[in-house]
Amino acid sequence: MAPSAKDLLELFKVKQTALLLVTGVCAYLEGAGKPDPATLVLASLSMFLSIAGTTGFNMVLDADIDSAMFRTRNRPLPARRMSAKDAVLASSAALAAGLAAGVAVNPYVFVAGLLGFLIDIAVYTVLLKRKSPWSVVFGGFAGGMPALGGWAAATGGFGYQGVLLMLLVAVWSSLHIWTLSTYYSEDYRRAGVPMLPAVYGERAGVVASLAAAVAVFLVAFLAFRAGLISAVGFAVAAVPLVLAVAVLLKGLVSGEYREKAYRAFKLVNIFMGLFFVLLVLT
């Protein structure tokens, strides 16, 4: 039986994919000045399919981990609603189409998509995720590739501004994952995945999240100094990030590590979407 559309969307983590696509589209709009509709559509298609295909491969490789975790055991592969073969075929088709669309835009968009796949699958998922509590620091660079690709689609190259946007998403990825894995630390221990909060404890997860939040703020400030976002846009986007820091500090004092980390997780997601939207609007 062919996988359902719902299961395919879940395989590709469509909400997460959409958030990363927003970073790429906004990076394109910021860099283009006068956007070309055809280039925007083709670049968006390239980014969406490349991210989706990469995510699908990640789900195949992590199916055993997902089976062991309460949070993820109902995903299509561990729940056996989709075979690994079907998942690989769907992911391969999406990735190939995404990279082909990238070539049609320009070589830099293709390279960004390919690097995203290689970093996420080879470096993060295969080499580091099951071995190092610092895996997300390296894996986060995969999440930054759509922003870099979007900038490259607009400008014909990477450039320091494109690299800054990529770094912002990369550093934010550590914050995103550490806040979430602090809340679900017991799940990660059960699955044998050495996420930082699972190895060093929830308090360490909050401390690491605070350090990552400071790093995110600094990179965002550099983006402001580089002229990528206005002072008003930067100030407005920083509000949920500052609130997340306040929540994490409160958790550090009160000992409510898991609860405050989860609240901060929601706030930092708002920050990321807001920053990139304001990048364009301001």
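The backbone N, Cα and C atoms fix where each Cβ goes, and this holds for glycine too.
Record features, source Swiss-Prot:
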TRANSMEM  40-60  transmembrane segment
TRANSMEM  87-107  transmembrane segment
TRANSMEM  108-128  transmembrane segment
TRANSMEM  135-157  transmembrane segment
TRANSMEM  162-184  transmembrane segment
TRANSMEM  204-224  transmembrane segment
TRANSMEM  228-248  transmembrane segment
TRANSMEM  261-281  transmembrane segment
Taking contact to mean 3 or more CB pairs closer than 8 A (sequence separation of 6 or more), are the transmembrane segment (40-60) and the transmembrane segment (204-224) in contact?
no
Same-chain residues at least 6 beyond the ends of the transmembrane segment (135-157) whose Cβ lies under 8 Å from its Cβ atoms:
20-21, 23-33, 35, 39-40, 43, 46-47, 50-51, 54, 102, 105-106, 108-109, 111-113, 115-117, 119-120, 123-125, 128-129, 163, 165-174, 177-178, 194-196, 276
